[in-house]
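Quick look at what Swiss-Prot lists:
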- Gly154, Gly155, Ala156, Gly157, Val158, Gly159, Lys160, Thr161: ATP binding site (BINDING)
Amino acid sequence: MATPANQTGRITQVIGAVVDVQFEGHLPAILNAVETKNGNNRLVLEVAQHLGESTVRTIAMDTTEGLVRGQEVTDTGNPIMVPVGVGTLGRIMNVIGEPVDEQGPVANEGLRPIHAEAPTYTDQSTEAEILVTGIKVVDLLAPYAKGGKIGLFGGAGVGKTVLIQELINNVAKAHGGYSVFAGVGERTREGNDLYHEFIESGVNKKGGGEGSKCALVYGQMNEPPGARARVALSGLTVAEHFRDQGQDVLFFVDNIFRFTQAGSEVSALLGRIPSAVGYQPTLATDMGALQERITTTHKGSITSVQAIYVPADDLTDPAPATSFAHLDATTVLNRAISEKGIYPAVDPLDSTSRMLSPLIVGDEHYQTARMVQQVLQKYKSLQDIIAILGMDELSEEDKIAVARARKIERFLSQPFFVAEIFTGSPGKFVELADTIKGFRAICEGKYDHLPEAAFYMVGTIEEAVEKGKKLAAEAA
């Protein structure tokens, strides 16, 4: 039975983000949104615990400075509701669906609750199809599934957000689909930059409306933990609406680790006993509740790309380790590769995808990917010998393998459209067939005569040949 709405209660205690509210003869359901006024602002509190017959403990979705005991609170009778529909495209909303871009109210096709059941087994679709991103290293070695979940793993400052921006740019242009971007606990400056870059690159129009392709839902670093723990669900709700209308939606989360981190803060505030490394005891449940809703149905698909910060570059930390279980593909960014100046700094041996199977991608693609990985693996295993004894001690066969591996490493780099501003190199979208052809030719030794530098920061193999000719002419 639905809770009768507009029941009022009074605040009895405020401790940071935790607010206790006492109702008279009425108890709001867990996860209900209750509202109060804080100055001129609407403050939404989400019910987290029942403390007695008529008292609830809530988590605030905004700062609680200025709240006083005895203040009136109203039960809305529903979970947090956010606006959905094409009116959200090009706009920035917060966790409770209010616009924060100063462009007026959000035009919507109704409101949806942020807590919902995952689609049933019978509603889910299981077809395997590849999403071509135009990024060589991704398409060749760890291809993304349409309607799959992709994890972008990397420490601080190795290029996760830039890779996400490039994916949004490439897929919006090549695919024409809608995207939803959930900014969870990341830098406000990055969120602001992203908003303006979308307008400059034509992904969105200022103020939203016709021609906009991406809805933004932000709960940044400075927000209380309640907002950061729920903003991913608000973004997902917007994406689910598009999917249910038959769209193929891209859902970006930057950063899923902050979702876990906020959950851990909320858990501590509610007095739960922490588990391993101080994380919440409900870590797997929280992650599962979010991830199971990101799926493809017979109506449409949600392909999700999730940036996953890896604390201290330790992949065995419970937060990234719990995320691994849900993913179809992983793109691991490696600091050692970014230090060589190779961007995107994707680790070709650590990144995986369940789509890399001859039954899905075909024999030629599969064999080329495996050849590339074998050459790189051989180079990796020889690195200790090279470091101690030098290249001269290697056999002729090994010398050739190392030379090819170094060319492959450089050919895995690529100029990005979204990085044009600070690299000066125009971005490249490389078709899958060109990617396969180029890497196969390098592995087979057709370009052994070209210098390594020719393969650095180019798109197709033809561009590498051109660059090689230029370098030869300059050296002459």
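The backbone N, Cα and C atoms fix where each Cβ goes, glycine too.
Between the listed binding-site residues, namely Gly154, Gly155, Gly157, Gly159, the fewest other CB atoms within 10 angstroms of a CB are found at Gly157.
Residue environment of Val158 (ATP binding site) contains 24 other Cβ atoms, counted within 10 Å of its Cβ in all protein chains. Compute the center of the Cβ atoms of Gly154, Gly155, Ala156, Gly157, Val158, Gly159, Lys160, Thr161, which mark the site for ATP; besides them, the chain residues with Cβ within 8 Å of that center are Tyr309, Leu333, Ser338. In the three-state DSSP reading, Thr161 (ATP binding site) counts as helix.
Counting only same-chain residues six or more apart in sequence, the Cβ atoms lying under 8 angstroms from the Cβ of Lys160 (ATP binding site) belong to Leu152, Gly154, Asp254, Asn255, Ala307, Tyr309, Leu333.
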